[in-house]
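Noted in TrEMBL for the protein shown:
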type	residues	note
DOMAIN	B:75-187	domain '3-dehydroquinate synthase N-terminal'
BINDING	B:113, B:114, B:115, B:116, B:117, B:137, B:138, B:150, B:159	NAD(+) binding site
DOMAIN	B:189-338	domain '3-dehydroquinate synthase C-terminal'
BINDING	B:192, B:254, B:273	Zn(2+) binding site
Ligand SMILES: NC(=O)c1ccc[n+]([C@@H]2O[C@H](COP(=O)([O-])OP(=O)(O)OC[C@H]3O[C@@H](n4cnc5c(N)ncnc54)[C@H](O)[C@@H]3O)[C@@H](O)[C@H]2O)c1
Ligand SMILES: NC(=O)c1ccc[n+]([C@@H]2O[C@H](COP(=O)([O-])OP(=O)(O)OC[C@H]3O[C@@H](n4cnc5c(N)ncnc54)[C@H](O)[C@@H]3O)[C@@H](O)[C@H]2O)c1
Ligand SMILES: [Zn+2]
Ligand SMILES: [Zn+2]
């Protein structure tokens, strides 16, 4: 893994005083030191990571920081979604304080979305707000969770119900570190890339259809796909930082997806987030077709592409976990995107034409799920 | 306790989109319902309070809300500083979620600074930010902690090290509820009132010297003193919401005070916060005099006034807890206001002329403490 400046891409997240860069490409991690010095000279760092990522990428990151004269303290947490809770939040915050980091120092999140969300939230609340840098190591984190400033943890009542909007000062997406990511996690992250095409960029979706193999193989196409995804998310976040409107489009496939994650007990051996999203996006397209909003051909095209990417696209694999349509409906209604009883869904008029549909009749959704489960 | 509109005073905290009113006067609590409806019609509420305050003031507040058609869920926590930690933060957040409050609903903090800081922080992080209303019931909370948006909890490493800037939507300071406050807590809160005079308003300090008895007795002078204190804090906060500069003036007496609280183990039977601040303010004036910044007469005048208010003004009562000047110095250096090794103190050029002194020589402070302890 060598630094290759030619293949480096930078995406700017335009948020005025809180604007920051996402630096994307193979070997980008090795530049972390210089970039952190440029950002906050004299700062010390804590690196928050997990036990899977630490043996692979903590050493190189600490070395890159140290080469630039920056001392760092590692905070290594257990891997997995269960880490994103109050216990490890407290542990992380106390470790940051124990390391005697001051307000001008930096928290560096090295890992997937779990570490990014947790470490970002810990930074948000330690000393009422410390700066932080995202070094996402999963594909999902590179194209989605590390960008946009949503940080947080889960509660017994549901996922991501506790947290803060806290933008990072910098995101370093080293595409090289994805080489060590398990293939299944890579595919799950790919679902979010496809999402950006489906939301608002039909040409990007067509480009993904063309270049899927090259993206899976790595190389420039992968960097391009990641950069274009970051650009898409950055643009939406810049226009709607706190999800007053448009940002909700990023939830395409997620209302169904979250319900499927919940109904399978958030067991990653059964379904990981991106897999739930893949199924959810197909369902959102199929439901839109059923409501005569979009062509059924689009739903088929979406399913075909995600399937080619190795993702589940229907309920067959998890069918045994779903008692009936009513049970699934209950999980959907519990999703936090339910506002005062009305169902808000992201529906679509076709590929690249997603929109926010408020007041979707629950009866229509229930009937759709019933037919889908019985088919 | 009847509503008396004639004695009602309103102080506006000018923070642009986050501006809010502090409504001050006897019986103000009874207007909470109408005022909440005006703010967020259709919202539901959770009332966070403690076991001391609940039997006295929870019923009237819930009734006032209910009369305006607002349902509320009580969340009652143990009283005392120890409540301001991760355990009760988690308990409060989960209770808010369990009550199924949505983003447009309101968290109401009914209590002293402990409840205000904790409930405000819980509101800040639940669903990434819920609105909240402060109904401060201690004098300290009415003139200080409920205003300005600092919320948070303590960590093993120190007080208030975890938290968020999260402004309330409204503050209701019912001066009538102070009638049930223990006299010692009232006096402790009075130290913060005197602080506003000492920081930047010599005429206010002189007015306090004139009107001390009337303030202690209650009535219009008390309401005036509280309103003028809120005005002073609101002005500073409006100019420096996130403590980039001027807001640090509010820490007059607090660097010494916090060290005294810490060295006595935060035991409220020995020293409560306002008592530490009272001693701290006298020390800050005496140290300023020693540095030839201010006249020793001012230090004597401050001590005389605080003593008349029933507050401790020297180290005699806690002398046995302080081994020596070096130990006290260690506690001072551990205070969070220490930035990169340099000591930042709030010093003064005289009554009403406090200023932020960066780079105070630690050796001077140590020598001062040594002399003070030996005198
Ligand atoms: N904040 C946001 O806007 C946002 C958006 C989407 C998702 N999320 C959150 O992101 C989380 C999911 O993120 P995730 O899929 O990255 O999960 P994750 O952090 O659990 O990472 C997945 C697995 O891959 C491992 N891993 C990560 N990088 C690796 C690497 N380079 N080599 C080897 N192993 C590696 C991890 O240890 C973990 O076992 C969820 O909690 C979700 O809620 C947040
Ligand atoms: N957020 C800020 O800007 C800020 C500023 C100053 C202090 N603080 C915090 O405020 C806290 C101290 O506040 P406090 O002095 O109000 O402490 P507190 O909340 O513990 O209240 C003091 C005691 O009085 C009781 N009490 C409160 N109101 C009462 C009433 N009306 N009748 C009878 N009993 C009543 C409480 O139960 C408690 O036992 C500290 O944690 C401090 O860090 C915060
Ligand atoms: Zn997602
Ligand atoms: Zn104080």
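Using the three backbone atoms N, Cα and C, a Cβ is placed for every residue, glycine included.
TrEMBL labels come from automatic prediction, so no person has curated them.
Model, not experiment: these values are computed from the prediction.
A map of TrEMBL features onto the structure.
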residue	record	DSSP (3 states)
B:113	NAD(+) binding site	helix
B:138	NAD(+) binding site	coil
B:159	NAD(+) binding site	strand
B:192	Zn(2+) binding site	helix
B:254	Zn(2+) binding site	helix
B:273	Zn(2+) binding site	helix
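Per-residue confidence over the domain '3-dehydroquinate synthase C-terminal' (B:189-338) averages 94 (mean pLDDT, predicted model). For residue B:115 (NAD(+) binding site), the same-chain residues that are 6 or more apart in sequence and have a Cβ closer than 8 Å to its Cβ are B:48, B:49, B:50, B:53, B:77, B:83, B:109, B:141. Of all the binding-site residues listed (B:159, B:254, B:273), B:159 has the fewest other CB atoms within 10 A of its CB. Using Cα positions, the member of the binding-site residues B:192, B:254, B:273 nearest to residue B:113 (NAD(+) binding site) is identified as B:273. Cα distances from residue B:117 (NAD(+) binding site) to the binding-site residues B:192, B:254, B:273 are smallest for B:273.
Around the Cβ of residue B:192 (Zn(2+) binding site), 27 further Cβ atoms fall within 10 Å across all displayed protein chains. In this structure, B:113, B:138 are the binding-site residues from B:113, B:138, B:192, B:254 whose C-beta falls under 6 Å of some atom of ligand 2. The residues of the domain '3-dehydroquinate synthase N-terminal' (B:75-187), classed with DSSP into helix (H, G, I), strand (E, B) and coil, number 47 helix, 35 strand, 31 coil. For residue B:138 (NAD(+) binding site) paired with residue B:254 (Zn(2+) binding site), the C-alpha to C-alpha distance reads 19 Å. Across the structure, residue B:254 (Zn(2+) binding site) and residue B:159 (NAD(+) binding site) place their CA atoms 12 angstrom apart. Largest Cα to Cα distance within the recorded NAD(+) binders B:113, B:114, B:115, B:116, B:117, B:137, B:138, B:150, B:159: about 21 Å as a whole number. If you measure from the Cα atom of residue B:273 (Zn(2+) binding site) to that of residue B:159 (NAD(+) binding site), you get 11 Å.
The record gives B:192, B:254, B:273 for Zn(2+). Within 8 Å of the mean position of their Cβ atoms, the other Cβ atoms in that chain belong to B:140, B:144, B:191, B:195, B:253, B:257, B:274, B:276, B:277, B:280.
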